[in-house]
Amino acid sequence: MAPDPVPTPGPASAQLRQTRYFTWEEVAQRSGREKERWLVIDRKVYNISDFSRRHPGGSRVISHYAGQDATDPFVAFHINKGLVRKYMNSLLIGELAPEQPSFEPTKNKALTDEFRELRATVERMGLMKANHLFFLVYLLHILLLDVAAWLTLWIFGTSLVPFILCAVLLSTVQAQAGWLQHDFGHLSVFGTSTWNHLVHHFVIGHLKGAPASWWNHMHFQHHAKPNCFRKDPDINMHPLFFALGKVLSVELGREKKKHMPYNHQHKYFFLIGPPALLPLYFQWYIFYFVVQRKKWVDLAWMLSFYARIFFTYMPLLGLKGFLGLFFIVRFLESNWFVWVTQMNHIPMHIDHDRNVDWVSTQLQATCNVHQSAFNNWFSGHLNFQIEHHLFPTMPRHNYHKVAPLVQSLCAKYGIKYESKPLLTAFADIVYSLKESGQLWLDAYLHQ
């Protein structure tokens, strides 16, 4: 009697047979210290070793989560997750073994679960959808200020008072355009990435003279791992110029490293921080960035800005007057930019990456500044830094609506939700630099 034929496995059984299972320990070993980089999203394991170089958001931002669970940042950064998941299929190598927990032991499971429920609630409330009229009016007010700056010189002449008024107006244009490009860079205005990227190029390139690719490369790293040493480029001034944070400052002192007299950093911050960042560093580095990386589209947008401002103001001021106006504007903008962007982060916890959950990662590195019409405008709504970091693609006009929900979540889990007056936030930058400088000195001398 002939043996019964062996049944041909169906698609489900074939998939079950072919699935590879991994442990968190195996994933953690592929953190990029060697050649391989893996990460986990919704319990599925992806090999990003080669893909990281082609990642649209930059190789570093995705590599910062190598060896870790990246579910929450994946959800936070992408507005069309279904499309992205299709491209991810080629990177899928398996999933976590059934007995493995969904979270690493360093992460708070209850907090993460509740935050994901909060995000679902936020989406149902429509808080991830933008009011296009808000952003149109915001853009128009920038363009009107830009025209007013030129009209000031054209109507009233180029004497000292009109010149200073023009510089102040142009500085306001640059600062406010900086906050607006931030919205488009975070994909928080339009429903498609294409339109956000297009207008982002216009605002940051044509209105400000900076490259969109450079901003994406730097800023998304900051959001992925805020205040994490070697992962957040916003704290790259440690240890060359400043000793930042309590943990890193003490480490630096114990290692007997002294690149600068850090115990005086709260004083020299006023010289090499706010006034110098844009005119003495960013102004030149952005050109090196686009040429070195061959970002010719960005370069074209940037050159359109310089051509526009040159041919607009050169006939009125001459070459010396134009150059003087340009660098005064960059100086004023730099002060505005540095104080606003650092008030939410420098006074907060700064450390190595400890691979804690998304909510804890963002809350320990960010704080808010009290809401007011002026604070909202002056900071581009970055006074709601906590909400912005938890929901980076949320339109800024909705931050105040989600803030009470975030406060309730923080209160439930004993997480400090810090909000302060604007001038207090500025002062805390200096106080925190003074404190970390003293911690460095004590460790340098006595440990």
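Quick reminder: no glycine exception, Cβ is built from N, Cα and C everywhere.
Keep in mind the model is a prediction, meaning the values are calculated, not measured.
Residues or ranges marked as domain 'Cytochrome b5 heme-binding' in TrEMBL: 19-97.
Marked as transmembrane segment by TrEMBL: 133-156 (among others). A Cβ distance under 8 Å defines the sequence-distant neighbours of the transmembrane segment (133-156), meaning residues of its chain 6+ beyond its ends; these are 162-163, 165-166, 169-170, 172-173, 176-177, 180, 183, 189, 203, 207, 312-313, 316-317, 395, 397.
Sequence annotations record features per position, and here TrEMBL assigns transmembrane segment to 162-180 (among others). Listed by sequence, the residues of this chain that lie at least six past the ends of the transmembrane segment (162-180) yet keep a Cβ under 8 A from its Cβ atoms are 135, 138-139, 141-142, 145-146, 148-150, 152-153, 156, 203-204, 207-208, 321, 325, 328-330, 332-333, 336-337, 377, 379-382.
Long-range neighbours of the transmembrane segment (268-290) within the same chain, counting only residues 6 or more positions beyond its ends whose Cβ lies under 8 Å from a Cβ of the stretch, are 210-211, 213-214, 217, 241-242, 260, 296, 298-299, 302, 327, 330-331, 333-335, 337-339, 342, 429-430, 433. Residues annotated as transmembrane segment in TrEMBL: 268-290 (among others).
Per TrEMBL, the feature transmembrane segment maps to 310-332 (among others).
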Message: Checking distant contacts: for the transmembrane segment (310-332), what same-chain residues at least six beyond its ends satisfy Cβ-Cβ under 8 A?
response: 150, 153-154, 158, 163, 166-168, 170-171, 174, 275, 278-279, 283
